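Q: Below is the structure I would like to discuss, written out as structure tokens.
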Amino acid sequence: MAKEIFRRDKPHLNIGTIGHVDHGKTTLTASITKVLAKKGLAVAKEFSSIDNAPEEKERGITINTSHVEYQTEIRHYAHVDCPGHADYVKNMVTGAAQMDGAILVVAATDGPMPQTREHILLARQVGVPNLVVFMNKVDQVDDKEILELVEIEIRELLSKYEYDGENIPIIQGSALGALNGEKKWEKQIETLMKTVDNYIKEPIRNIDKPFLMPIEDVFTITGRGTVATGRIETGTINTGDSIDIIGMGIDKLNSIVTGVEMFRKILDKGQAGDNVGLLLRGIEKKDIRRGMVISKPGYITPHKKFNAQIYILKKEEGGRHTPFHNKYKPQFYLRTTDVTGTIYLLNNLEMVMPGDNISVEVELLQPVAISEGLRFAIREGGRTVGAGQVIKIIE
């Protein structure tokens, strides 16, 4: 029976638990696995195994994250839970855990707290499209009016950060009660998961988006022409397709793909996630290089100025030991390219301390193919000092 869980015949979504420290995110994660395990849809995970999260590296940044997987009747979920607040900030800004939706956990005993607010803001900034709320620890609150007040506060906070505060479902329950097998609270976990199934929408899969591939390497095959290799980020490519080649300050080039190869075999097409070589008609090796991108015509354009949300590493994380000021000039690693840029601080901010998570304006030395939502690393002297995401393109 247990083997059944890994069949991939259901739509797959990435979700996570977010919210203030000690409001019960990890307990909720454990109780979801326990309740679903009773139906043969998950392997029950102990609180301690989720809380003791392994370290991962993403864009040179170490993050502690627990990945749990489970199913409902209609979907397969990968669920991310982080032990520490800083891990959430890093996880969301670096995109180590892309979330299609999240469960916001708020303890009824406290109501929304500073990190509740910060996680909602982060979710909004990094584009988590849908949230569902689990109001936890309601078994510790005797007064119905308090629960109503907490709900109003949560809804106001969600609306403030441009989520649909009026309509987002709020499920009341006790994660610990469910974990301890109390029927009443187990039922609320089932209600929560039905709500997640219905309210968190399926994302547009990468394969259904327009074609885009960052170039990693370029070489010539005698008698056949120039080949660009890379991993397809989105979409599909077929022999005979027209494409744009963009980036690094030059005018865009147009070409036609005359062959798609993978592991030295000719394919009829390549799709998101594949590492391929594309044979390009009429393109010289000297015309293109690593760091450019190949895309569906007109899909992506080069830009040099944008607003970004960035996280700056602490000294203990291998980052800078000192703050930086306005017009700081590090290297930006965008897809397969690195380019120098200037960071302009906003809102009269004078300096940025290691460990800060802030909004800034970036101006690159030369235009690069970027789009809103793109993640990047910030490096200086060969080491990663931060990570960020393009929030809005200016020019």
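From the backbone N, Cα and C atoms, a Cβ is placed for every residue, glycine too.
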Q: For the annotation region 'G1' in Swiss-Prot, which listed range does it cover: 19-26, 203-210, 235-242, 283-290?
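A: Range annotated as region 'G1' by Swiss-Prot: 19-26.
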Q: Tell me which range among 52-55, 136-139, 220-223 Swiss-Prot lists as region 'G4'.
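A: It is 136-139 that Swiss-Prot annotates as region 'G4'.
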Q: Which is it, of 60-64, 255-259, 305-309, 355-359, that Swiss-Prot names as region 'G2'?
A: 60-64
Q: Where the distance is taken from Cα to Cα, which of the binding-site residues C82, H85, V138 turns out closest to T26 (Mg(2+) binding site)?
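A: The smallest Cα gap between T26 (Mg(2+) binding site) and any of the binding-site residues is with C82.
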Q: In the three-state scheme derived from DSSP, which category covers V138 (GTP binding site)?
A: helix
Q: Look up C82 (GTP binding site) in the DSSP assignment and report helix, strand or coil.
A: coil
Q: DSSP on D22 (GTP binding site), three-state: which is it?
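A: Once the DSSP labels are grouped into three classes, D22 (GTP binding site) ends up as coil.
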Q: Using a cut-off of under 8 Å between C-beta atoms, tell me which stretch among 19-26, 60-64, 81-84 contacts the region 'G4' (136-139) the most.
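A: Of the candidates 19-26, 60-64, 81-84, 19-26 scores highest.
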Q: In sequence order, which same-chain residues at least six apart have a C-beta under 8 angstroms from V138 (GTP binding site)?
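A: Long-range Cβ contacts: A108, L147, Q172, G173, S174.
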Q: Taking each of the binding-site residues K25, H85 in turn and counting other Cβ atoms within 10 Å of its Cβ, which one has the fewest?
A: H85
